[in-house]
Amino acid sequence: MAARILLINGPNLNLLGTREPSVYGSTTLADVVAQAKTQAASLNVHLEAFQSNHEGAIVDRIHEARGAVDAIVINPGAYTHTSVAIRDALLGVDIPFVETHISNVHAREEWRRHSYFSDKAVAVICGLGTYGYTAAIEFAARHMKMKDRV
């Protein structure tokens, strides 16, 4: 059975391609998801994508992932800096997760430099543009294989 990754995108990421292209680029979320699915398939991994602008919907989707996915790749968007609820959901389901950001959050406003997720993530990828999703999926796939060997 192929490994399973859930890709979660948080608020405003549905506006990729048109929202602040100088920061986030011109690639759309549909493009990101298509590229992520292609990358996952090349690694013999099944990828499901989910996006929501609502914290509770993200929490619910994480809960639904318990026992159904092997890893989560999450770009929490602005919830990175505010959501204890999403953090607790991730910890509650005990699924390894990779935190990813399109921009380098450490080179932006001071308030963007704190993450409620980084200390619990198996990896954090930021500042690579949308390529960060490819890197996150590849890392998650490798992490799952290494975990299976232990």
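Yeah, the Cβs are placed from backbone N, Cα and C, and that goes for glycine too.
Feature annotations, reproduced from Swiss-Prot:
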- Y24: active site, proton acceptor (ACT_SITE)
- H101: active site, proton donor (ACT_SITE)
- N75, H81, D88, I102, S103, R112: substrate binding site (BINDING)
- R19: site 'Transition state stabilizer' (SITE)
Over all shown protein chains, what is the count of other CB atoms within 10 A of the CB belonging to I102 (substrate binding site)? 23
Integer Å distance between the CA atoms belonging to R19 (site 'Transition state stabilizer') and H81 (substrate binding site): 19
May I ask which of the recorded positions R19, N75, D88 is closest to the residue listed as 'active site, proton donor' if we compare their C-alpha atoms? N75
Alpha-carbon spacing, R19 (site 'Transition state stabilizer') to D88 (substrate binding site), which is rounded to whole Å: 29
Around R19 (site 'Transition state stabilizer'), how many other CB atoms lie within 10 A of its CB? 11
Neighbourhood of N75 (substrate binding site), C-beta criterion under 8 angstroms, separation at least six: I8, N9, G10, L13, E99, T100, H101, I102, Y133
What three-state secondary structure does DSSP assign to S103 (substrate binding site)? coil
